[in-house]
Protein chains: 2
Amino acid sequence: MTNSQKQNQMANAIRFLSIDAVEKANSGHPGLPMGAADIATVLYTQFLAHDPKNPAWPNRDRFVLSAGHGSMLLYSLLYLTGYEDITLDQIKDFRQLGARTAGHPEYGHAAGIETTTGPLGQGITNAVGMALGERLMAARFGDDLINHYTYTLVGDGCLMEGISQEAVALAGHLKLNKLIVLWDDNNISIDGKISLADNTSQRARFAASGWHTIKVDGHDQAAIAKALEEARASDRPTLIACKTTIGFGSPHKAGTSKVHGAPLGADEVKATREALGWDAPPFVVPAEILDNWRLAGLNAARKRLEWDRKYAALEPAQKVEFDRLMRGDLPGTFEAAIEAYKKKLVDEQPKVATRKASEMALEVINAVVPETVGGSADLTGSNNKKTSQTASITPDDFTGRYMHYGIREHAMGAVMNGLALYGGIIPYSGTFLCFSDYARPAIRLSSLMGIRVIYVMTHDSIGLGEDGPTHQPVEHLASLRAIPNHLVFRPADVVETAECWQLALKSAKAPSTLALTRQSLPTLRKEHKADNLCALGAYELETASDAAQVAIFASGSEVEIAVAACALLEEKGIATRVVSVPCFELFERQPASYRKALIGAAPVNIAVEAAIRQGWDRFIGTDGIFIGMTGFGASGPIEELYPHFGITAEAVVEAAQKRLDEKAAEQGAA
Amino acid sequence: MTNSQKQNQMANAIRFLSIDAVEKANSGHPGLPMGAADIATVLYTQFLAHDPKNPAWPNRDRFVLSAGHGSMLLYSLLYLTGYEDITLDQIKDFRQLGARTAGHPEYGHAAGIETTTGPLGQGITNAVGMALGERLMAARFGDDLINHYTYTLVGDGCLMEGISQEAVALAGHLKLNKLIVLWDDNNISIDGKISLADNTSQRARFAASGWHTIKVDGHDQAAIAKALEEARASDRPTLIACKTTIGFGSPHKAGTSKVHGAPLGADEVKATREALGWDAPPFVVPAEILDNWRLAGLNAARKRLEWDRKYAALEPAQKVEFDRLMRGDLPGTFEAAIEAYKKKLVDEQPKVATRKASEMALEVINAVVPETVGGSADLTGSNNKKTSQTASITPDDFTGRYMHYGIREHAMGAVMNGLALYGGIIPYSGTFLCFSDYARPAIRLSSLMGIRVIYVMTHDSIGLGEDGPTHQPVEHLASLRAIPNHLVFRPADVVETAECWQLALKSAKAPSTLALTRQSLPTLRKEHKADNLCALGAYELETASDAAQVAIFASGSEVEIAVAACALLEEKGIATRVVSVPCFELFERQPASYRKALIGAAPVNIAVEAAIRQGWDRFIGTDGIFIGMTGFGASGPIEELYPHFGITAEAVVEAAQKRLDEKAAEQGAA
């Protein structure tokens, strides 16, 4: 190693802020910040284009700490380079309730935290999304305006997770050459040596997907700088394998799993101070060292000034559009386009599957909302998400608006998170609802971060038919509705599908999932309403002829069944109403008075959904009747499956009649 | 190609059974069976050791059709080689309700279907589990008794899924040299050419994890046989990249995505018959060709006769033990050991985290149940699942009972599925509850197949503290409880933990998840009960002093809070009872009378769980009070988090009091 004293001291500043913060919190992960301090020092002092005083500068380089447990590395960097959000007090408050300095980096807690990390493998895949975002925005506004690097620091955990392979393959395919992965190659995981569970050559694996790879001593700052230069010049994405010692500097714990996720302890902190020649007391960075860091922050911001001139030179219309995109505002023409489209639908009353209805809506949306970028996990023809406006994105052409994500649902979700975080883009994409399970960790992070990512999940019930129980969701609606801050839409017809798309696009602070059918459904909306009825979450679709004896609540394809049952019951003289429930979450946001009135007071309440009951008690009460699934589905034609599982209008009528008879008998007895 | 006429005809028998079945069903995937027919013919006529008349023969080679959409390939093979379950009528009933020949292969539908496939990437990972099972059982009973190959046929979809990387890395690490992956390398996925989304060199990727790789013309049966010989001789697992044409033989659709997932259509079926010289009418396999296939089935069974002699020569005690393991029966000493352990716990009243309680229970279990094989996704010290009996499994020593799965939750689940399907082994393993999301597709398949896989998920709430919302499950209990045929246990103390383990081990037809705390909990069971109270799913833990005014339902760590609240309410003269709810699913299996009595009729019902409400209405009704989470958690010390989110005994008391006052006021007004 040939690091200068200054270089070592700057890295040690990270090490001791991290050590001291973990020690004070008596909780946290000192090993990574200590091991990766040299890498981070080189990156933040010599390469990263960012501006601590203008952290949202659109053309900044992105840095993602994929190994999120090493959060103190990032907090140290943000403090040292001068981000206002991360003060020394925040660092002293590491892992305390209400602090910006949470156990893992949380998007939104502080500027400079580009994404929430901690669940392993997500960050590297978000970084792929950001690097893709950079190419997409450059294709739209020119390489002069948008042209920067995306860096991510990953650990062995990130690389063992399967999602990393999906990310690596996608980035290699797209030749995202401004994506640089810094691998903290320390040979240690929580259980001990990596060789306990893995002997993969990561360099060979990345190379297999078309990456450039470099190996470097992760404590030799000059070598790291040289590797970064080489990576930046590459025509392919680059993996830099940085051989490091976890807990570098700790005399008795460095190089072992003991330093991964626990405080060093007072004695070892003292010994580490001695070993690294760091005399400063806890949380004190000597002035000269801090000055050097702050200077690095100022230097890094110079590129922002250059960029401001380019931005100022944009055509006025381009500037307006760029600003709109970066704010995340929808175009002014959006609402009118949806309104006109809804009118047309009510006039024409088409009978189509909601997956097709979604394609029709997207045809309207994509024409007026240029920032949508669609895609599918290799189910383009089945998911119906490619419209006339969305040419495929290819390694040679990023002007397109459609991603072929491959059979990689998990990466698709995490790349969409990266795109949404990048800004200027509204990503939507999907797969079969059943395979939302594959993307679930990414969907959870969309929700936790509160970002506009739209998951379009087709084939949403046993209605998909012959593919059978492996492909038929039964628990997925309930399990997706369980995720906080996540709008799950299940539209009942072509009009509701348009309304749900409208709501999903307008939901800037929560992701959405649209659950859509494979099978055709009639248009149920008979009169045009300017209001978006789905915005209520649930609304009365059919009014009872008299005080309702029966109320039927249903979503999606089962609303048709509810309406048919309602007609049959009304024929029998039983006053019945139907409530369509496209979105549980939005219903919960309505005033209590609306909710109470909508649920009503019919003596018999029935819910119909071709899925499990969980969650429906909210509408029908624990003594309500549920017509749906109690277990897994089966392979067979749809015409046989619905009767087989007893999900029919006749079954609803029978159950209602029986319950009414029971109630009458009870009252007679009373 | 140098295939003989006979070889071609045998392969064509598969092709036309598949074509005709898909045509009749008007639904299905002809492309794979047509493309992979030569590979399958070579495997089933020259290599696979199996016995169609004794399909459960323990030392059979395993074949997993990982690309499950090609189900007609497997059904054709089973019919042609003489499996009784798959008759010609079954093939004619392909994809019809009630048929064994479901859209995707369903475990349990027919002998010869080793696992349920369809969700991509699962089968290859199950196969890794089976190949591991073979090594584990060989280490226990000798290579003389257990010594066979595991083959799996995978498509591009399986290899794009991230789980494949986890599987490949694990198999390479463990040097599972009797695992042979046949890749149907046809360059086509649903969206079109593979190059739309991928340019990975699969051979290079597998080689990076220590695999032997071979490339072969997938329509040249002699070359395939040569490759299989080479693979079987390898000291590493082998990937055979078989270059094939999807829909081989179809003049206008072969080599395109059109033939992947739709019937050929009558004209193209006719053209294909002409192109391949197949004159037989639909569903007719000419007698000579069928005879050749049936002969292959008989020949393949010869090894079973050899094996019978080895089995007959086992020591009587070994034979008894082998049979017990293969039947999946627990040892006779199991119940008494648990009983004695529970007594000891009630005497000693330890205060430990349930993750520690789980370790203590496992120490007892692993001593008497030799078939358990534990593991963790790199959280051995945190999950507490390694006991004194479970040495690590290494590439050189399979006598161990503990797997270091690496940071690969998804593969861990699918490998455990493979181990459970293999037989003779009860796999348990886990990660943090929050990361159950990563394994969810595998957990779903454990449930759909109904197999004994035990997921042990620790750090089960905000109680984990500082790691923050990325690590704190809030929706996971609800979302796991939503999966049909899946027992989710959340024990409240050390005794319940022992009981839940007992139930999980006895649940031979459903997987279990144990959700366990990081934080310590007191022993709540004060008197020893020989009965397993958790078997009821929910039971009264504290009886009210009088007719209950308040009933509190809780699970896991919140039962302590419920008990404390109960004491406070009783002090105030408010009769209160507490119900512990360790398992929703088992509660639902109780007689209606028990369920009704247990829920009771207290005017105020409260549920306490540090998670979302979804599902709890079952116990407390829609007007019940829920004390728990409404959104994501936060980073901070546990002592601050519970009060911050209002999950305390005091909050329960206050809510109860308030509701009682409201009710009194209502009654006063009435």
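Cβ coordinates come from backbone N, Cα and C, glycine included.
Note: TrEMBL annotation is automatic and uncurated.
Positions annotated as substrate binding site by TrEMBL: B:His29, B:His260, B:Arg355, B:Ser382, B:His459, B:Asp467, B:His471, B:Arg518. Remark: B:His260 (substrate binding site) has B:His29, B:Gly31, B:Leu32, B:His69, B:Ile188, B:Ser189, B:Ile190, B:Ile246, B:Gly247 as non-local neighbours, by Cβ distance under 8 Å and separation of at least 6 in sequence. According to DSSP, B:His260 (substrate binding site) sits in a coil region rather than a helix or strand.
As annotated by TrEMBL, site 'Important for catalytic activity' applies to B:His29 (among others). Taken residue by residue with DSSP, B:His29 (substrate binding site) is part of neither helix nor strand, so it is coil. Summarising the environment of B:His29 (substrate binding site), the number of other Cβ atoms within 10 Å of its Cβ, over all protein chains shown, is 26.
Taking the Cβ of B:Pro119 (thiamine diphosphate binding site) as centre and 10 Å as the limit, one finds 27 other Cβ atoms among all the protein chains shown. Taken from TrEMBL, the feature thiamine diphosphate binding site covers B:His69, B:Gly118, B:Pro119, B:Leu120, B:Gly157, B:Asn186, B:His260, B:Phe435.
Residues or ranges marked as Mg(2+) binding site by TrEMBL: B:Asp156, B:Asn186, B:Ile188. B:Ile188 (Mg(2+) binding site) has a Cβ environment of 25 other Cβ atoms inside 10 Å.
Residues annotated as site 'Important for catalytic activity' in TrEMBL: B:His260 (among others).
Annotated domain 'Transketolase-like pyrimidine-binding' per TrEMBL: B:352-523, in sequence order.
Within the same chain, the residues at least 6 positions away from B:Glu409 (active site, proton donor) whose Cβ sits under 8 Å from its Cβ are B:Ala377, B:Thr431, B:Phe435, B:Ser436, B:Tyr438, B:Ala439, listed in sequence order. Here TrEMBL flags B:Glu409 as active site, proton donor.
Over all protein chains present, the Cβ of B:Asp467 (substrate binding site) has 27 other Cβ atoms lying within 10 Å. For B:His459 (substrate binding site), the Cβ neighbour count at a 10 Å cut-off comes to 27, with all displayed protein chains included. When the Cα of B:Leu120 (thiamine diphosphate binding site) is compared against those of the binding-site residues B:Asp156, B:Asp467, B:His471, the shortest separation belongs to B:Asp156. If you take the C-beta of B:Asn186 (thiamine diphosphate binding site) and look for same-chain residues 6 or more apart in sequence within under 8 angstroms, you find B:Gly31, B:Gly35, B:Gly155, B:Asp156, B:Gly218, B:Lys243, B:Thr244, B:Thr245, B:Ile246, B:Gly255. Nearest by CA distance to B:Ser382 (substrate binding site), out of the binding-site residues B:Gly118, B:Pro119, B:Gly157, is B:Pro119. Distance noted between the C-alpha atoms of B:Gly157 (thiamine diphosphate binding site) and B:His471 (substrate binding site) is 30 Å. Cβ proximity to the Mg(2+) site centre (mean Cβ of B:Asp156, B:Asn186, B:Ile188, cutoff 8 Å) flags the following additional same-chain residues: B:Gly155, B:Asp184, B:Asp185, B:Asn187, B:Ser189, B:Ile194, B:Thr244, B:Ile246.
Confidence for the domain 'Transketolase-like pyrimidine-binding' (B:352-523), expressed as mean pLDDT, is 97. Shown in sequence order, B:Ala353, B:Arg355, B:Ser382, B:Thr458, B:His459, B:Asp460, B:Gly463, B:Leu464, B:Gly465 are the residues of the chain, 6+ apart in sequence, with a C-beta less than 8 angstroms from the C-beta of B:Arg518 (substrate binding site). Proximity to chain A (CB-CB distance below 8 Å) holds for B:Pro119, B:Asp156, B:Phe435 among the binding-site residues B:Pro119, B:Asp156, B:Asn186, B:Arg355, B:Phe435.
Of all the Cβ atoms in the protein chains shown, 26 others lie within 10 Å of the Cβ of B:Gly118 (thiamine diphosphate binding site).
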